[in-house]
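Feature annotation from TrEMBL assigns region 'Disordered' to 1-20, 203-235. Positions annotated as domain 'MENTAL' by TrEMBL: 48-218. Feature annotation from TrEMBL assigns transmembrane segment to 55-76, 96-116, 123-143, 149-166. Feature annotation from TrEMBL assigns compositional bias 'Basic and acidic residues' to 225-235.
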Amino acid sequence: MNHLPEDMENALTGSQSSHASLRDIHSINPAQLMARIESYEGREKKGISDVRRTFCLFVTFDLLFVTLLWIIELNVNGGIENTLKREVIHYDYYSSYFDIFLLAVFRFKVLILGYAVCRLRHWWAIALTTAVTSAFLLAKVILSKLFSQGAFGYVLPIISFILAWIETWFLDFKVLPQEAEEENRLLLVQDASERAVLIPAGLSDGQFYSPPESEAGSEEEAEEKQDSEKPLLEL
C-alpha cells in the first residue's frame, strides 16, 4: 500500500498533538481552579483560620488553668472567703497570688482582642503580653515571699511563665506562617485562573477533520484512462 508523503504526515501529526495539548489544558484548569478558589474564598468568609482558632482556644485554656490553680490555692490556705479578703481586699504584692490571676486576664483580653476580634497578622500583641508577663513574674519571684507559702509559690509563677511563652511560639511558628502560606496559595490559584480564562474554549474533534487516505497515483491512473478512451471515442 502506498503511503502519504512525509510532509503531509508530519503536518497531520503536528495538528493532532496541538489539538491534544489545548484540550488537556482546558480540561485541567477550569474545574480544578474554580474548586480551589471557592474553597479558599470559603475560608476567608469564615473570618478566622483553623490554626488561629486553635491559638484562641489555647489562650482561653491559659486563663482557665491559672484561674483553677488560684481557686485551689484559695481553698488550701484557709477557705475561699477568708483568703479572698486577704489577697484581694488587703492585697499585698509580696504574698498575694491575685496579681498572677490578673496577669492571665490581661493576656487573655489582649490576645483575644488582637487575634480573634481584630485579626491581627503581626506579632506585636503577643510580644507585649509575653514581655509584660516575663518581667512581672521575674520581679515577683525575686522580691516576693511566695516560696515560703508552699507548693503554689512555685507552681503558679512557673505555669504562667511557660504558658505565655508557648503562646508566643505557637503564634510565631504556626499561626502566622501557615496563614501567609495559605494567602500565597490563594494568589497563585487566582493568577492561574486568570491565565486559564485567556485560553480558548475546548475544541471538538470534528474541527480537526482530515480526509480519508487515497492511494498514491490514483489521479495519474485516472488521467491515463481518460487519454486512452479518447481515441476509441474518435473512432
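Placed from the backbone N, Cα and C atoms, the Cβ positions cover glycine too.
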Please identify the stretch among 55-76, 96-116, 149-166 with the greatest number of Cβ pairs below 8 Å relative to the transmembrane segment (123-143). 96-116
For the domain 'MENTAL' (48-218), provide the mean pLDDT of the predicted model. 86
